[in-house]
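Some features that TrEMBL has for this protein:
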type: BINDING; residues: 109-116, 192-196, 250-253; note: GTP binding site
type: DOMAIN; residues: 271-284; note: domain 'SRP54-type proteins GTP-binding'
type: REGION; residues: 474-522; note: region 'Disordered'
type: COMPBIAS; residues: 474-488; note: compositional bias 'Gly residues'
Amino acid sequence: MFESLSNRLGGVFDKLRKRGALSEDDVSEAMREVRVALLEADVALPVVKDFVKKVKERAVGQEVIKSVTPGQMVVKIVNDVLVETLGADDEESQINLRAEAPVPILMVGLQGSGKTTTSGKLALRLRTRERKKVMVASLDVYRPAAQKQLEVVAGQAEVDSLPIVMGEMPVAIAKRAMSEGRKGGYDVVILDTAGRLHIDQELMDEVAQVRDAVKPAETLLVTDAMIGQDAVNLAREFNEKIGISGIVLTRVDGDARGGAALSMRAVTGKPIKLLGMGEKLDQLEGFHADRIASRILGMGDVVSLVEKAAESIEAEEAEKMAAKLMEGKFDMNDMLSQLRQIQKMGDIKGILGMMPGIGKMQKQIENANIDDKMIKHQEAIILSMTAKERANPALMKASRKKRVAAGSGTTVQEINKLLKQHQQMADVMKKMKKMGGKKGLMGAMSKMFGGATPPAGMPGGMPPGMTPDMLAGMGGGKKGKKGQGGGDEAMPDMSALMKGGGAGPGGLPPDVLKALNKGKKK
């Protein structure tokens, strides 16, 4: 998400940071590049003009605090304006459930935008996060098997769906859903309306009739982020004719530009409430303007990463792992557990995208083939080992490697790579033990994770495949190897990036951010 925009802006700000002082011409030149980057990301022209104007007004003549460089100050200003553009009010981006139960939520949008799947995702989110009793009902009497589809999705989300009555019209279905919701003691009723291939008056009239019949607490427009500015125009039309309360952007994980997300709030005045980040039912994220701004500026999103880990990883499993780590033990069974916990958290590239500074490593990550397929291969290798081999990987000699390669459908080279990764992680655990018990272990892990507590089950916040030597090779100025980010212009090493920890723009130290936010001179 936002990869191309993030990379372009990263290049602009890298140039600014290298300069000790900034003139008005420097800022103007940077803003020209920012304007081009935003337009290429498919952001609406009026939004781009307003964005650049705000940044320029604040940046030119701004008194720079002594503890930060002018370049850092500009990044901070851009971050603030980005948050404003996306919509700074977190409360407004929450799903409104403050109404008499059952709370009706109306899902509207064009055909193929992902309304039915999103209805299931929202039902699952409300059931698991909000502990609500949810029922879904399909009002789509036109598309073949549309009602059956929602019934199947509801089963996967483990929520109830309204029984199908053939020949019933949308308004009647909506009224019956609300009646059944009251009788069954449901907290929320989600109504999935019919879509069209394009906006027409018949569609709008039908949605308006349903809206008037149930008086929904939320009318959510579901739209595909991949269609760019068409999504913004669609939102404007639905808002003018129906009156929407919020927007759900789907397929955001496949949208490298992000123009729709950046334009939506400014053009329609309505908040983005949810983001569809994948096909699975649990891949629906709340929208937080400050976190999205952090991702765009390459600062990662550590808060969302920790939240995702907390949801996915069982406390009992994490405690067992922590106890083993304190003893300095780390065998193949532990590595298998780590791999499975990472898989529970979702797409590995999505997880890496939340880590600070990861955008600068995009080529290295691609070259290292770090993806979900790699994790599956590693899992297959470990499962093909005997219990003794898992407990003591040192037993893995040539003949055993050939046997495991044949059993797992992989190669000896892949097995060697996995064993090397395991050894490096085991070495890290041993060093942590020497630092002194739980306090020393957690302190070391905290330092590795940029001062924040790392997600349980992620040693030092390091995903599988991202080994210490790989991270060292990716950065480190003159120490970096040729072709791996070495030389004077190399990206900063991972420890320097992690110190940013999402705490401030471009990895600003906490004291710098504090000074920026409070305006204190040092």
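Using the three backbone atoms N, Cα and C, a Cβ is placed for every residue, glycine included.
This view paints the features noted in TrEMBL onto the structure.
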| residue | record | contacts (Cβ under 8 Å, 6+ apart) |
| --- | --- | --- |
| Gly109 | GTP binding site | Lys115, Gly195, Leu221, Val222, Thr223, Leu234, Phe238 |
| Gly112 | GTP binding site | Gly195, Leu197, Asp224 |
| Thr193 | GTP binding site | Leu106, Met107, Val108, Lys115, Leu139, Asp140, Pro170, Glu206, Val207, Val210 |
| Arg196 | GTP binding site | Leu110, Gln111, Glu202, Leu203 |
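Residue counts for the domain 'SRP54-type proteins GTP-binding' (271-284) by DSSP state, with H, G and I taken as helix and E and B as strand, are 0 helix, 6 strand, 8 coil. In the three-state DSSP classification, Lys115 (GTP binding site) falls within a helix. Within 10 Å of the C-beta of Lys115 (GTP binding site) there are 27 other C-beta atoms, taking all protein chains into account.
The domain 'SRP54-type proteins GTP-binding' (271-284) scores a mean pLDDT of 89 in the predicted structure. In the three-state DSSP classification, Arg196 (GTP binding site) falls within coil.
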